[in-house]
Amino acid sequence: MAKINFGGVEEEVVTREEFPLEKARETLQDEVIAVIGYGVQGPGQSLNMRDNGFNVIVGQRKGKTYDKAVSDGWVPGETLFEIEEALEKGTIICFLLSDAAQIELWPTVKKYLTAGKSLYFSHGFGVTYKDQTGIVPPAEVDVFLVAPKGSGTSLRRLFVEGKGLNSSFAIYQDASGKARQKAIAMGIGVGSGYLFETDFYKEVTSDLTGERGTLMGAIQGIFAAQYEVLRANGHSPSEAFNETVEELTQSLMPLVAENGMDWMYANCSTTAQRGALDWWKPFRDATKPVFEQLYNSVKAGEQANISITRNSQADYREKLEEELKELRESEMWRAGTAVRSLRPERN
Ligand SMILES: NC(=O)C1=CN([C@@H]2O[C@H](COP(=O)(O)OP(=O)(O)OC[C@H]3O[C@@H](n4cnc5c(N)ncnc54)[C@H](O)[C@@H]3O)[C@@H](O)[C@H]2O)C=CC1
Ligand SMILES: CC(=O)[C@](C)(O)C(=O)O
Ligand SMILES: [Mg+2]
Ligand SMILES: [Mg+2]
């Protein structure tokens with residue numbers, strides 16, 4: 001493990017240099033990696049592992065996603081199977097169904113977790129909230145996770161571009177004495193940038209906080225608040241959308257990604273810098289109580305409970321679609337559609 005100083009705190013992390021792809025392949029050469037589920041993480045991880053030369057099969061029930069797997073080059077009867085058949089053939093079972101669906105399939109998965117096999121997650125959810133999920137792995141299997149810090153779609157896209165998303169990894173159960181090596185090898189195999197270690201509890205609590213917070217929930221909330229204030233004061237949708245979203249995603253966030261916040265600030269006017277430096281703390285102070293409320297709710301298991309309850313309902317997809325439609329059909333995001341259609345590269 002490489003010791004790296006993260007802002008004054010030393011952490012041990014795994015880089016691709018110290019755990020090269022060849023070593024990962026060697027570690028897993030006798031394994032059949034069965035990716036169960038072909039939603040968002042399933043395609044990203046399985047295709048990256050296949051392209052990296054691992055022995056991968058996919059297990060997916062028949063339907064639209066099964067057909068997508070076929071069009072991605074998985075061959076029925078050779079590398080693509082019904083879930084139970086893949087569970088039987090696999091020695092590392094990658095449980096990549098949605099967290100709610102994992103509950104329903106768990107009794108089936110458990111049947112195939114014989115001694116010597118491994119159970120792999122990309123989330124600490126199932127075992128951390130075992131009181132709610134009933135997921136308690138048998139003692140004689142290795143249990144570990146690799147959680148890519150981003151969408152499976154980006155995991156695949158970045159891999160194809162020769163880049164990589166960072167991932168965390170964690171060991172829950174080490175029956176073989178080799179769980180750690182296997183977990184790291186899987187992390188390298190799915191196309192991670194660097195790997196940092198965590199545990200199942202910390203993975204799920206940070207993940208549920210992040211996606212409800214700055215990554216997805218808070219960002220939409222703050223966009224909506226600013227957009228609404230601008231519109232209420234007579235600004236056009238074009239002006240409000242550009243000043244709230246388009247400039248951020250197209251101009252300023254790429255600068256933050258490249259070299260940090262002060263670098264982005266430094267590339268803006270002194271007027272903008274003065275205002276940003278004066279206003280970031282009031283925004284922090286206003287939102288911090290909401291983040292604290294969120295974290296406490298995650299810690300109490302409430303967010304897991306909501307996610308399980310809502311996503312287990314028979315009509316959850318229709319209801320989800322209604323809520324996504326509300327976003328899509330809001331003035332702000334319809335304005336966004338128009339703005340994107342006018343990007344020079346789209347013509
Ligand atoms: N979406 C993402 O990019 C990320 C997801 N994760 C984690 O990875 C895991 C997989 O998540 P996603 O790829 O988002 O899953 P998903 O919500 O896209 O579902 C995956 C698959 O589950 C199948 N499925 C759903 N209900 C089923 C049922 N009752 N029986 C059989 N199959 C069923 C669907 O057909 C789909 O192919 C989760 O633990 C998630 O928290 C981690 C990092 C990012
Ligand atoms: C993409 C990711 O890492 C998330 C936001 O945590 C998820 O999809 O669950
Ligand atoms: Mg995440
Ligand atoms: Mg998540």
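A Cβ is built for glycine as well, from the same backbone N, Cα and C atoms used for every other residue.
Just so you know, TrEMBL annotations are computer predictions that nobody has curated.
TrEMBL lists 9-198 with the feature domain 'KARI N-terminal Rossmann'. Residues annotated as domain 'KARI C-terminal knotted' in TrEMBL: 199-346. The Mg(2+) 1 binding site annotation in TrEMBL covers D207, E211. The Mg(2+) 2 binding site annotation in TrEMBL covers D207, E243, E247. Annotated substrate binding site per TrEMBL: S269, in sequence order.
Locations of recorded TrEMBL features on the structure.
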{"residue": "D207", "record": "Mg(2+) 1 binding site", "Cβ contacts under 8 Å, 6 or more apart": "H123, G124, A147"}
{"residue": "E211", "record": "Mg(2+) 1 binding site", "Cβ contacts under 8 Å, 6 or more apart": "G217"}
{"residue": "E243", "record": "Mg(2+) 2 binding site", "Cβ contacts under 8 Å, 6 or more apart": "Q226, L230, H235"}
{"residue": "E247", "record": "Mg(2+) 2 binding site", "Cβ contacts under 8 Å, 6 or more apart": "none"}
{"residue": "S269", "record": "substrate binding site", "Cβ contacts under 8 Å, 6 or more apart": "none"}
Candidates near ligand 4 among the binding-site residues D207, E211, E243, E247, S269, judged by a Cβ under 6 angstroms: D207, E211
Where the C-beta lies under 6 angstroms from ligand 2, the matching binding-site residues among D207, E211, E243, E247, S269: D207, E211
Entries of E243, E247, S269 (binding-site residues) sitting next to ligand 3, with Cβ under 6 Å as the cut-off: none
Secondary structure content of the domain 'KARI C-terminal knotted' (199-346), with strand meaning DSSP E or B: 125 helix, 0 strand, 23 coil
